[in-house]
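This report refers to the structure that appears directly beneath it.
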Amino acid sequence: MDTIGTQGWVILATLAAYKLGLIAIGIWAARLNRDESDFFLGGRGLGPWVAGLSYAASTSSAWVLLGFTGFVYTAGVSALWMVPGVWAGYVGVWLWFGPRLREETERRGHVTVTDFMTAGTGAAARSVIAVLAGSLVLFTFVFYIAAQFGAAAVAFESQLDFGHTESVLFGAVVILIYALLGGFWAVSLTDTLQGAVMALVAVILPIGALMAAGGPGGVWQTLSATMPEAYLHPTGGRTLVPFLAFAFGIAAIGLGTLGQPHLMARLMAVKDERARKAGFTIAMSWGVLVFTGMGILALSARALLAPLDDPEAVFYAMAAALLPTVLAGIVIAAILSAVMSTVDSLLMAASAAAAHDLRLTRVLPGREVLIGRCVMALICALAVILTLTVDNTIFDRVLFSWSALGAAFGPVIAARVCKVEPAGGAIIAAIVLGFGLTVIFYSFGQVDPATAGEGLRGLMVRLAATPGDPFERIVPWLMPLLLVFSWRQRA
């Protein structure tokens, strides 16, 4: 590690104080964990601010501050079609799924979203679904967590000259400590704090960038003179059909929201209907503020900076260029808090899936919390290994995991919210179909269409290569939805 400059020391000092605070929260929250419900759902006692901000921070962390800004920086105005879809996901979870999910969870004592999906099915089908769902959660969350560790590593490497391996390990160890200690309460409280920090950064940095670029008019004028015409056009220069495919494809990221276990847990844990309604207002306001701010930041950066080799470094570059050293250090530390706000929630959901859904508690009856903590440590270790061995962008890893899990669980949850009772076989088939189609289209999307040839393989590759990835995000959601609505339990 090279000599650390003033900004580096500020970042280290901020992180040290911040992480000590997180660990203190974990130690305090450990006293509240009396049983499985306390550890995995906080005793179903979340108020509106904790529920709303922790939800928002968990659903929109590093991929927004780094990945989304990089996407807008690269693609231009047309990339903003993603935002209405994301906001629609907030509405769907809180106002459509929320009432039924919260009420039934409280009435029936559900601990995980798998309990909600399997309510009313036979014992045999319930066991198969629980194992299948728990396994998919563990598989996809390892990729998701690896993406967050990668984001943290980029920050440490670029700002502190840390080595890649030590960067990943440092972030992973601290996150694991407070998640292990405090369970769901610690995760929710720390996410609330981190959500507030992210919102503050999403105001300060975009306003500074916009002012430095000469205001909205200055940004538009500069980009009009320096970028291709398509960059500022809402369609991105595409004709009608390709544009519609692109717009619906990137907006469909919001569909994935409807199947994320770590987000559903916030609705299951909110204490009452009044808190749920207020929590939605808080979460939605946060989403509007942060996504708007990051879009402004990306376009302003394109007008102000020389082309960047790594578009996902836009946030860091703008913080370093516009802010005093001390403030820039604090802002960069906020990026790392954004990473942690997602990882801790993912670890909590994954440990619940393993301990509760996979029935590992049968091995050690009455030791649900211990099993959950062991699973957290194992998943964290696997994610670290993946981060260090597999090369991919933050954006790509997150979107694959997000889409796959959303397509596997979202249609089943939607059916049950609509008071449709799918047969056990339909739920199993829907989970396999949604996840499988996402993997298939994602895999074909990695193939160069120029080398795909003709026939079925060539057709699949060309469909998967459609801009916006609509076949990866929409088709795997709609097919299982049709299945669960048509294959119901017999009266």
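Here the Cβ of each residue, glycine as well, is placed from N, Cα and C on the backbone.
Where the annotation comes from TrEMBL, it is an automatic prediction and has not been curated.
Taken straight from TrEMBL:
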{"type": "TRANSMEM", "residues": "6-28", "note": "transmembrane segment"}
{"type": "TRANSMEM", "residues": "49-73", "note": "transmembrane segment"}
{"type": "TRANSMEM", "residues": "79-98", "note": "transmembrane segment"}
{"type": "TRANSMEM", "residues": "127-147", "note": "transmembrane segment"}
{"type": "TRANSMEM", "residues": "167-187", "note": "transmembrane segment"}
{"type": "TRANSMEM", "residues": "199-220", "note": "transmembrane segment"}
{"type": "TRANSMEM", "residues": "240-259", "note": "transmembrane segment"}
{"type": "TRANSMEM", "residues": "280-301", "note": "transmembrane segment"}
{"type": "TRANSMEM", "residues": "313-339", "note": "transmembrane segment"}
{"type": "TRANSMEM", "residues": "369-388", "note": "transmembrane segment"}
{"type": "TRANSMEM", "residues": "400-418", "note": "transmembrane segment"}
{"type": "TRANSMEM", "residues": "425-444", "note": "transmembrane segment"}
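The recorded stretches the transmembrane segment (369-388) and the transmembrane segment (127-147) share 3+ CB pairs below 8 A when only pairs 6 or more apart in sequence are counted, and are therefore in contact. Same-chain residues lying 6 or more positions outside the transmembrane segment (280-301) and placing a CB less than 8 Å from one of its CB atoms are 48-49, 51-53, 55-57, 60, 64-65, 68-73, 76-77, 80, 83, 86-87, 90-91, 94-95, 98, 195, 198-199, 202-203, 205-206, 209-210, 212-213, 219, 223, 314-315, 317-318. Spatially, the transmembrane segment (313-339) is adjacent to the transmembrane segment (49-73); three or more Cβ-Cβ distances between them are under 8 Å for residues at least 6 apart in sequence.
The transmembrane segment (79-98) shares the most Cβ pairs under 8 Å with 240-259, out of the stretches 199-220, 240-259, 400-418. Residues 59, 78-79, 81-82, 84-90, 92-93, 97, 399, 402-403, 405-411, 413-414, 466-474, 477 of the same chain, all 6+ positions outside the transmembrane segment (240-259), place their C-beta atoms under 8 angstroms from a C-beta of that stretch.
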